[in-house]
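Take a look at the structure below.
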Amino acid sequence: LPEARGVPLVLLYLLALRALAQLSHRQLLSSPPAAAGPRDFSAARAREYLDNITAIGPRTVGSPENEVLAVNYLLEQIRGIARESTDAHKISVDIQRPTGSFSIDFLGGFTSYYANITNVIVKLEPRSGAEHAVLSNCHFDSVPNTPGASDDAVSCAVMLEILNTLSKSSESLKHAVIFLFNGAEENILQASHGFITQHEWAKSIRAFINLEAAGVGGKELVFQTGPENPWLVQAYVVAAKHPFASVVAQEIFQSGIIPADTDFRIYRDFGNVPGIDLAFIENGYIYHTKYDTSDRILTDSIQRAGDNILAVLKYLATSEKLAKSFEYRHGNVVFFDILGLFVLAYPARIGTIMNYITAAIAFIYLSKKVLQSKTRAIHNLKKLFTAFGLTLTSWLCTLVAVLIVAVFVSVIGRALSWYTHFYVSVSLYGSAAAAKLILVHVLAKKFFYKNMNEQYLGDIFFDASLMIWSIALAVMTQMGLCSAFICTLWVAFPLLTKLMIHKEFHQKGATMKFIVMYMLGMFVPYLYMLYLSWTVFEMFTPVMGRSGSEIPPDMVLAGFIVVFTMILSSYFVNFIYLVKSTKTTLVTLSAVFVVTLILVCSGIFFPYSSDAANPKPKRVFLQHTSRRFHDLDGNVVKSDSGIWINGFDYNGISHITPHIPEINDTIRTPCEEQAPFCGLPWILPVHFMFRLVKNWYLPAPEILPRSPIQFKVLSKELMPLNSVRLSFEVSGPSHMSLYVRPHEGSALSSWSLGDGTPVASVGGDYFVFYSHGLQAAPWHFWVELTAPEKHSDGIVSLAIAAHYFFGEDQKSPQLYALLERFPNWTFSSGWSCTYDLFVF
């Protein structure tokens with residue numbers, strides 16, 4: 001087979017499949033939505049709701065914008081909808097302001113306390129009432145300094161329009177639909193906890209749909225279901241008009257690789273309720289930034305989401321299974337969409353049987369191949385295992401080589417060069433991976449398999465790939481991974497192809513007929529893998545810009561590219577042994593790699609973009625901080641003030657220094673070793689994601705908040721079993737962080753937070769996240785420690801940080817001035833805070 005014919009055909013084939021996969025991702029609706037009728041979801045009305053919610057501005061928990069303006073707007077719209085409702089329905093509205101506490105293992109583990117936060121809850125039910133209900137959840141609060149259009153105002157707008165649509169229907173529902181507009185999700189899932197553990201209506205909920213965002217617009221992906229309850233996936237499969245779902249996304253998300261969580265966890269863990277988790281995933285570059293505005297969300301995206309969620313809610317609210325959900329709760333389900341056209345779903349136990357049968361057939365086929373000539377069985381087995389080992393070796397060599405390139409790029413300060421230009425990562429790491437993979441096999445062909453029959457080599461390396469995938473299928477199935485269905489595709493279709501063109505495989509000189517039939521046989525697994533890879537890269541690439549300074553993003557992305565290169569090369573490796581030469585291909589790939597590497601090293605590819613239409617900003621967080629450290633007698637032994645600066649990606653602040661010279665390596669953040677969390681005012685326990693060498697502390701004047709924190713020791717009590725209980729009272733702004741470190745020999749045995757059992761964060765210190773809505777009473781809590789008899793240096797260090805996210809105390813003049821100097825390709829979010837450390 002001439003290289004001029006074989007290699008270009010393979011590349012054109014893969015490019016055509018990639019274009020098809022990309023097209024299926026980019027399509028939303030083939031034509032604009034038709035004009036909405038009285039019972040149809042109207043994206044135009046939903047957009048009006050969205051525009052009005054985001055016009056309020058950032059809606060931080062505790063702020064008037066969140067607790068008053070947003071709540072009043074929602075109530076106004078809900079009451080208007082209720083007035084126009086048909087007689088078939090009864091609409092009830094409740095405002096809940098719960099107080100509570102819980103512990104969670106997210107971000108390494110911490111405890112949350114909330115007081116007087118806000119939920120707006122609507123129940124739509126038949127006139128005669130309903131015993132059972134399905135919940136639809138969104139949140140109207142946003143992170144500080146962002147309009148929060150996609151996260152999560154658009155979901156609340158969609159829910160308002162769904163409520164409007166359902167209420168105007170003359171058909172009565174069988175079950176109630178509860179719409180929860182929760183006002184404190186960004187405070188790590190507090191409002192949903194308050195609802196599901198305390199509200200009377202929560203007792204009737206049998207299933208839920210959670211609407212979230214990890215990006216801005218596009219398709220909404222079903223990325224979590226259950227736990228178990230396969231009937232819920234089936235409901236989505238039957239009802240959704242524009243399905244987009246993946247059990248692969250579910251297993252990736254639940255593995256903890258992505259540093260995020262949703263209210264799904266709360267309903268699952270604290271309410272024992274099964275559900276469906278959906279999120280917009282496109283354009284995660286501007287998620288949680290000032291660019292998350294309503295104009296960036298396409299009307300078609302809103303229509304698509306509305307059509308899907310309305311249909312699924314109606315299906316559940318009229319389903320017999322909802323009332324008897326406990327009868328259908330057992331079993332997991334394998335589910336995945338086919339190019340966004342429809343969803344395949346089947347019970348995991350059926351998948352297990354299918355997987356093992358497929359693997360068994362493949363092993364039987366391979367065994368027959370080895371044993372077809374009893375006199376050469378040992379010889380055939382050796383050749384198969386040699387090809388198997390060589391394939392794995394080529395993968396390992398490729399991975400090591402490409403990761404070395406990624407490390408080099410990171411060390412010279414060119415990490416994230418592909419962040420704005422994704423094609424750079426493919427040109428750099430993809431070309432290197434393909435070239436290295438081909439090179440290993442070319443060398444094996446030249447020196448190890450010298451003068452061997454080319455058709456035999458092509459055949460044996462096909463079988464080696466089939467063996468690898470069959471083993472992977474058996475192992476993943478044994479591990480209980482639903483994603484093993486991918487391996488089934490990579491075993492079943494190639495095996496069928498091999499059986500169909502068995503004769504052509506052994507003909508001398510591969511014909512065009514052979515190539516065409518071979519590629520047609522591989523069409524399904526290759527198209528699906530390219531489609532899946534596009535989803536993975538669309539989700540993960542933006543995450544690399546907010547994953548902290550500990551994880552080298554180039555190594556992560558290079559690893560992904562190598563894995564997909566290995567997968568996509570599986571059944572084309574045999575072509576290396578069939579073509580006469582791969583010299584031109586290797587030279588071309590090497591040239592692409594070298595040129596791209598030179599350009600990356602030169603710095604021509606700037607990581608960030610301020611493009612108005614498609615910004616990809618660098619995230620920087622600044623806290624103007626005043627710190628005071630007290631000794632055992634309450635005396636201030638150290639105090640300082642400064643602006644604490646964190647770059648949220650691996651590059652730290654290196655690209656900022658040319659614009660703001662005083663932010664440089666001379667002001668690295670020192671760690672106060674005696675204080676919990678290094679004496680720094682973390683708003684969340686994300687310290688393990690950041691190295692202190694990539695933190696900066698710029699000296700600045702002391703801040704004097706108009707509403708300072710009030711911290712009081714109410715009592716110190718000696719308890720049984722050599723324990724001491726310390727009781728405290730704290731008053732302060734809407735967001736505070738409590739840090740606790742027992743001294744050596746002491747142990748934190750219990751406290752009045754969560755379920756009473758302290759949960760340590762990464763590193764061993766204890767972290768409590770506190771927030772309140774409007775007019776909260778002082779926060780009272782106690783901690784109990786076991787302590788040795790002699791403790792001259794105290795038994796515990798306890799620190800409290802107050803964070804001012806809104807109002808007159810949010811930004812000092814110095815912080816304002818510094819924020820104004822940041823370049824326009826950054827998203828710089830700033831606030832003021834105080835930090836006080838005490839020893840008891």
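Including glycine, each Cβ sits where the backbone N, Cα and C put it.
Not measured: the values here are computed from a predicted model.
As recorded in TrEMBL, the features of this protein are as follows:
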- 1-21: signal peptide (SIGNAL)
- 119-312: domain 'Peptidase M28' (DOMAIN)
- 338-366: transmembrane segment (TRANSMEM)
- 381-601: domain 'Endoplasmic reticulum metallopeptidase 1/1-A TM' (DOMAIN)
- 387-416: transmembrane segment (TRANSMEM)
- 422-444: transmembrane segment (TRANSMEM)
- 456-477: transmembrane segment (TRANSMEM)
- 483-502: transmembrane segment (TRANSMEM)
- 514-537: transmembrane segment (TRANSMEM)
- 557-579: transmembrane segment (TRANSMEM)
- 586-608: transmembrane segment (TRANSMEM)
- 615-838: domain 'Endoplasmic reticulum metallopeptidase 1-like C-terminal' (DOMAIN)
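Relative to the transmembrane segment (586-608), the listed stretch 422-444 leads the set 422-444, 456-477, 514-537 in CB pairs under 8 A. Contact between the transmembrane segment (338-366) and the transmembrane segment (456-477) holds: at least three of their C-beta pairs are under 8 Å, each pair 6 or more apart in sequence. Using a Cβ-Cβ cut-off under 8 Å and counting only residues 6 or more beyond its ends in the same chain, the transmembrane segment (456-477) has close neighbours at 351-352, 355-356, 358-359, 362-363, 365-366, 369, 383-384, 387-388, 390-392, 441, 445, 449, 483-484, 487-488, 490-491, 494-495, 498, 505-506, 510, 570-571, 573-578. Beyond the ends of the transmembrane segment (422-444), by six or more residues, the same chain brings 390, 393-395, 397-398, 401-402, 405-406, 409, 461, 537, 541, 557-558, 561-562, 565-566, 569, 573, 576-577, 582, 585-586, 589-590, 592-593, 596-597, 599-600, 605 to within a C-beta distance below 8 angstroms of the stretch. Within its own chain, the transmembrane segment (557-579) has Cβ neighbours under 8 Å at 1-3, 6-7, 10, 14, 391, 394-395, 398-399, 402-403, 405-406, 418, 425-426, 429-430, 433-434, 437-438, 441-442, 445, 449, 454-455, 457-459, 461-462, 465, 468-469, 490, 494, 510, 522, 526, 529-530, 533, 536-537, 540-541, 544, counting only residues six or more beyond its boundaries.
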